[in-house]
């Protein structure tokens, strides 16, 4: 296991309570991210270091680019399409409607351009009641699997045959076989169990070599994992709750890291007063292009 000692840069104070799900848009040379605790989406342009904030009608939990230029994402109580140019939102539905304290969470897009997202019960985080859902090209929503203790970061392998997810309050990264034609997950297994002293798994992405990167909520670090579950590398960060990351830049060799001040205790704030800010580190490995939602 390798400890990455490349220089970690503190690039941006955001004032966000929970900066999340950074998404690199190559044609704009910019990265977008959300504040899950407030109705705003940020756009950060790398070359100019300009930060533009869009005030939106909902608290977004995740976003993904659509092929037509819009964005699809989850808000706490549903799935929406955001038209960035007009700053309008189209509500698609909430598969957890009527279930009280159930909320929607992180998401991803598969190679066929379908959007996947997870859910959880705020009053029963460890109860195994969270589900995985899919938004198809016709904007219909269907349940793919259930029985998880907070569905968080998720990603597909490049060949679209494997699906990985952070089961946050299960403390593990899960692996599934994915049948893209029948839209079925099978052969669930725990790929990597995170030691309690190293926090809980949050954001999850894959690099160009097919390796996984996971952010450790309450863990002060990121980890790189092989598809076999081997811990390959760790990156320490100066905040208790790193939330997610994205490969950005012309060569996609810069790791852009978001974090949260939400759920950080006073003692930890004294240690990590940069909570909620953005960090960046140059790596030897590179990222891969994100799939875009098609509808």
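These residue numbers are counts, starting from 1, taken along the chain as shown.
A Cβ is built for glycine as well, from the same backbone N, Cα and C atoms used for every other residue.
Residues 20, 202 are given by TrEMBL as divalent metal cation binders; from 70, 77, 83, 152, that same site also lists 152. Summary: among the binding-site residues (105, 152), the fewest other C-beta atoms within 10 A of the C-beta are counted at 105. Excluding 20, 152, 202, which define the divalent metal cation site, the same chain contributes 21, 105, 106, 153, 166, 168, 203, 215, 217, 243, 244 within 8 Å (Cβ to the Cβ centroid), listed in sequence order. For the recorded positions given as 20, 123, 202, the lowest number of other CB atoms within 10 Å of the residue's CB is seen at 123. Regional average pLDDT for the domain 'SMP-30/Gluconolactonase/LRE-like region' (19-260) in the model is 97. Using Cα positions, the member of the recorded positions 20, 152, 202 nearest to residue 123 (substrate binding site) is identified as 152.
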